Structure formats: C-alpha cells, structure tokens
Amino acid sequence: MHDIKWIRENPEAFDAALARRSVEPAAAGLIALDEKRRSVIQSLQDMQSRRNAASKEIGAAMAQKNMELAEKLKAEVADIKENMPRAEEEDRQVSAELNDALSRLPNMPFDDVPDGKDEHDNVVARVTGQKPGWNHAAKEHFEIGEALGYMDFERAAKLSGSRFTVLTSQLARLERALGQFMIDLHTSEHGYTEVSSPLMVRDEAMFGTGQLPKFAEDLFRTTDGRWLIPTAEVTLTNLVSGEILEQEKLPLRFTALTPSFRSEAGSAGRDTRGMLRQHQFWKCELVSITDAESAVAEHERMTACAEEVLKRLGLHFRTLTLCTGDMGFSARKTYDLEVWLPGQNTYREISSCSVCGDFQARRMNARYRGKDDKATKFVHTLNGSGTAVGRCLIAVLENYLNDDGSVTIPDVLLPYMGGLTRIEKAA
C-alpha cells in the first residue's frame, strides 16, 4: 500500500516510478479521491462540532427560559443527527474507494532496478559454480524419476488431476532430506527462527502481503472462505500484523518449511510435464522484518543465505537482478536464483528474494518504535525462498545423474539419507 501523503507531496515522482512498471499515471485520480475524502471528513467534524455546541446552547437557553430558542436549537441538533449517518456512509464509501485504488497499484522500484519489459531484460549479477562435465546424455528429471521407479504422475493424476506428483521410497526420502537440510542450515547457521504456522489464512492475511485483491485467481479458496497459502511468506510476514515492535529487537528473521498451493491460472500449456510447475509443492521460506535503515543490507544477506543452499549442494546457478517488468507486485527490488538444469539445457528459477520497503507493512499496519521515540514507523519486510524443495530435487536428479541411470546423493545430504549414497532403480 502506498502512502497517500507522500503521493500528494510527490505526484510526478510517484507517476514516474510506476511508469517504469508500465502503470498509467494514477496520482491525479488518487489525490482527487483523497481531497474528496478529506472534504467529507471535514464536513463530519464540522457537524459534530456544531452538534456539541448546539447541545450546550440548548442548556443555556433552557436556563434563561428562552424556550423558543431552545426548540430551534433542538431542531437543529435533530437535523444534524439525521444527516450524520449519510455523511458517515459517504466517508466509508470514499475511503474504501481510495484504499481499493491504492491497494491495486504495485510497489515502486528502487532506482537501481533495471528497466525492462519481461524476463528477457533481467540482468545477471553473478554466476556460481560449473556445469556438470560428464559425457553421458542429459535427461529431464521426469525421465530419470520414472526410470528409477520412484516418480509416478499417473497415480497422482488418478488422485488429484494434473500438476501433481507422487514420490515414493528413495525419492520421497530425498525430498524430505532436502527440506530438512534447508531448514537446519537457516536455523543453525543463518540465524532464522523456525515457525510452524497454519496453511490456511483469512482475507486480511492475503491482503497484507499483496496477494489480494488483484491475484485471487492464482489462489485456492476453501468453502468456508479461507485461503490455502501460496507461500509461507503470507503467514510469516503477517505474524507481526497490527503490532508495534521494539526497534532494538529488529531484525526478526523467520523461516518455515511448508507446502505451498497455487492454481497456476496463468500457466496453461507451460511446463505441463514433470514437477516444475505444480499445484502443491514444498518450499523453505525466509522472511525478515527490519527497520528502514537495515532493509537493503538485509536483502543482500537473505539472498546470500539462499545462495548458500545451492553452493552446499554443489549446483551451478546464476543470480539475476529482475527488471521492473518482471518483479512481483509487492517488491521494490528482487534477486532471482536460477539453477542449471542439464536436461532442459537451461536455467530455471529456484529462489526469489525481494525487499518490499514498507509496502506490506502499511497494508498490515505493522510498525516499530525506537527506544527514545514517541512516534512509530512502519517496518520494512523482506521475503525469499531458501529454496523451492521440488525444484531443488529436480536439479539434483539432473545434475547428479550417472551413466547407469542412478543418481548420486550430494555429500551435504548424506546425514539425512540413512546410509544411502546413491539412488538406484527399484528392484
């Protein structure tokens, strides 16, 4: 959510910032709505002041036995009371219209974010590791998994339809090992606090992190009105909604390993085979709550934490700075990590780390106060994948494939695999 006061004071800068995200000029319309709202509020305050004054005047008139004046004042008060509900309703309607307009506009990008239309305009910040050097033919993960006998799409479709997967035996264990490795790394070495939180949330939580109102079609909703989380960013960030935090206790760093649920409404025909784009998938999420001064440095730190997962797995990847046309709705700046997949002969996103400024905090009313301050400020929020477990599984299968069709377990995962060093075809 944007600060209407800042927009009033900087209309040209606001429009210029959103123009970088291909948004039409909006400042004039927002300011007009705000002026209307302020006018209605002023009228209400005038009515309330006059009602209070007239009520006192009635008492004075009665004391002076000026019944004619008293009756006239009573009629005036009655008229004000009759008109106030209409004015209050107008205030609610205009405020709702302004808030709805503000809530549908994306965040303003930082100045150092590259301008661009889509993913083709993203900028490579760095490349880490080397592509595998083996000589045998590369295969896609679903070919490997099905040949091993531990990846079953037909039974998944029987149970749930398309974009689901059943993993069994050694691949199920590998998936679990990856998630446990990630959560252990982030809690024991990176300073994040593990959180176990609900997988279903109310409208307010989805609004707070920016999924609502614009992106409802990308979500799953239960019949009683709750939403399945598309990412644990929703629950972890909303932990501080409506709260005033102590600045000296910031940053707060949360992590959770949860299933995520997405309808993939805009992905028809894309990645229909395999595990790349699923309705349900495991992800290790990272969220930081900071003060304004620390947010940019925290973004670099969070991205490094996500990169460390891939480094320890020995995977080749690149880090991109997303352009204005490819960033998420709530982000001011985003780094994407793209892992190398030999079977596809390309890089694919495996993590996205974003700094959101106070955009989400305004929607959630999450604030902090300095030790010697009376006034509060909005917190700054950050979120990132540390990382997507399913896509990490894909990367391990394709990068650690042996010429006999088996898959070597990365060294860092061996403590989680019960003595298993490679995954071989089911007997």
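Yeah, the Cβs are placed from backbone N, Cα and C, and that goes for glycine too.
Here the structure is a predicted model, which means the values were calculated and not measured.
Residues or ranges marked as L-serine binding site in Swiss-Prot (evidence: sequence analysis): Thr231, Ala232, Glu233, Glu285, Ser385. The feature ATP binding site is assigned by Swiss-Prot to Arg262, Ser263, Glu264, Glu349, Ile350, Ser351, Ser352, with sequence analysis given as support.
For the pair Glu264 (ATP binding site) and Glu233 (L-serine binding site), the Cα-Cα distance reads 18 Å. When Cβ atoms from all protein chains are considered, those within 10 Å of Glu349 (ATP binding site) total 17, not counting its own. Among the binding-site residues Thr231, Glu233, Ser385, the ones whose Cα sits within 10 Å of the Cα of Ile350 (ATP binding site) are Ser385. Remark: of the binding-site residues Ser263, Ser351, Ser352, the most isolated position is Ser263 (fewest other Cβ atoms within 10 Å of its Cβ). Residue annotation for L-serine gives Thr231, Ala232, Glu233, Glu285, Ser385. The furthest Cα pair among them is separated by 9 Å.
Under DSSP, Glu233 (L-serine binding site) is assigned to a helix (H, G or I) in the three-state scheme. When the C-alpha distances from Thr231 (L-serine binding site) to the binding-site residues Arg262, Ser263, Glu349, Ser351, Ser352 are tabulated, the minimum falls on Arg262. When the alpha carbons of Glu285 (L-serine binding site) and Ser352 (ATP binding site) are compared, the span between them is 10 angstrom.
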